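To keep things clear, I will list the structure first and then write my remarks on it.
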């Protein structure tokens, strides 16, 4: 049985099909453990119960052709048990409780519109019968697009077995002849309407917290100097764990996870790749913490793809090279005159470099490193010969590299991935030349020189403000990077602090 807190995942999915143990290829898998779902389900149940028990139940009075009445001192007892979640159809879900038990009591004073106007007093009880079946559920509509997510709970209904709800009237007078049941039934029906409306309201009030759990990963917190930004494609599928044993089994959102480039002009560029790797069930389900993020190579490949699409083609002019750089873009520079002797025919002229046509690397992950293979980048070296610039030669760079990654806890609610270039194996091929021979090994040495100054971005991830993190861990496995941590409700921590202060006698 899929239960209510799966809604936490469904808010970020445009195409959702709940299935058991059949994971599709994806770039990101976000898992919520059975223990976490159970805890959150209990919190939602408590919140809904408290909201219903705090409903205003004012005194009522009215009259009909047969009698006038006054109802006072309403009291309500209510319990919700066994929270559940179902998918009804695409983008329409159901959240509710398998069992609802309640008892509503109030006092009555009623007078018949007859000779002598006889009046009676007593109390009325409306409630569920022990052992009978009564349930309540709300329809929840989820809408996701590239800019916003909307979750709305509507149409809460209660379902009863016949005889599950009874109305009992207790008259305290010696003689009781005035019929009260019809009016009591009407009040009971109105109460059920208020009750279902209250459940709808309680769920909708929790929507911001539910949405916030996944909102931080919609956009990669990284912006290039040109203002371009990067989003994650969150279309995906909900998957139950392969062999569920708990009432609330571990659930994973298998998300496309491709990185989408948003240009400053508002256009979107989607990845040229598609996900192909499927982690094993064990890789996705064996975590013991509350929360798991599993990343496959497709996410990294599409990130390179998006960065290249944003940054390239790129032109580097001589004026952009710092004066302290050991290599200057000039035909008379020691490096260029050494690798391309033919440049001596064009002394002291600037060189412009046009970089283009990248080939995104293939990514492989094992327990010790993230490896990049066959990254290709072409560069034209253009001599700025007055009004007649021309391409002196073109170099094709092919690079294999290895990345090391560590996780840093920046605050109780934020962590970042710090990746560094552990090793790099560059190769260079001279594709064309108009100035004679060019020594490709010189460009290999140049790439080796810049290895130490290459800086990789360290994107940060923040959990919703309701939570703080503990036990944050990073693990590399076969073709996956897995981050796991526990989520602690910050409000519970504050309550614990208050309790500790209250018993401190020093």
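For all residues, glycine too, the Cβ spot is worked out from N, Cα and C.
Keep in mind that this is a model prediction, so the values were computed, not measured.
Taken from Swiss-Prot as is:
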SIGNAL    1-18  signal peptide
CARBOHYD  145  N-linked glycosylation site
CARBOHYD  155  N-linked glycosylation site
CARBOHYD  330  N-linked glycosylation site
CARBOHYD  366  N-linked glycosylation site
CARBOHYD  418  N-linked glycosylation site
CARBOHYD  427  N-linked glycosylation site
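Taking the features listed in Swiss-Prot, we show where each one sits on the structure.
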{"residue": "155", "record": "N-linked glycosylation site", "DSSP (3 states)": "strand"}
{"residue": "330", "record": "N-linked glycosylation site", "DSSP (3 states)": "strand"}
{"residue": "366", "record": "N-linked glycosylation site", "DSSP (3 states)": "coil"}
{"residue": "418", "record": "N-linked glycosylation site", "DSSP (3 states)": "strand"}
{"residue": "427", "record": "N-linked glycosylation site", "DSSP (3 states)": "strand"}
Sort the glycosylation sites 155, 330, 366, 427 by C-alpha distance from residue 418 (N-linked glycosylation site) and give me just the closest.
366
Nearest to residue 366 (N-linked glycosylation site) by Cα distance: which of the glycosylation sites 155, 330, 427 is it?
427
Cβ atoms within 10 Å, counted per site: which of 155, 330, 366, 418, 427 has the most, among these glycosylation sites?
330
Between residue 427 (N-linked glycosylation site) and residue 330 (N-linked glycosylation site), the C-alpha gap once rounded to whole angstrom:
23
How big is the gap, in Å, between the Cα of residue 330 (N-linked glycosylation site) and that of residue 155 (N-linked glycosylation site), rounded to a whole number?
73
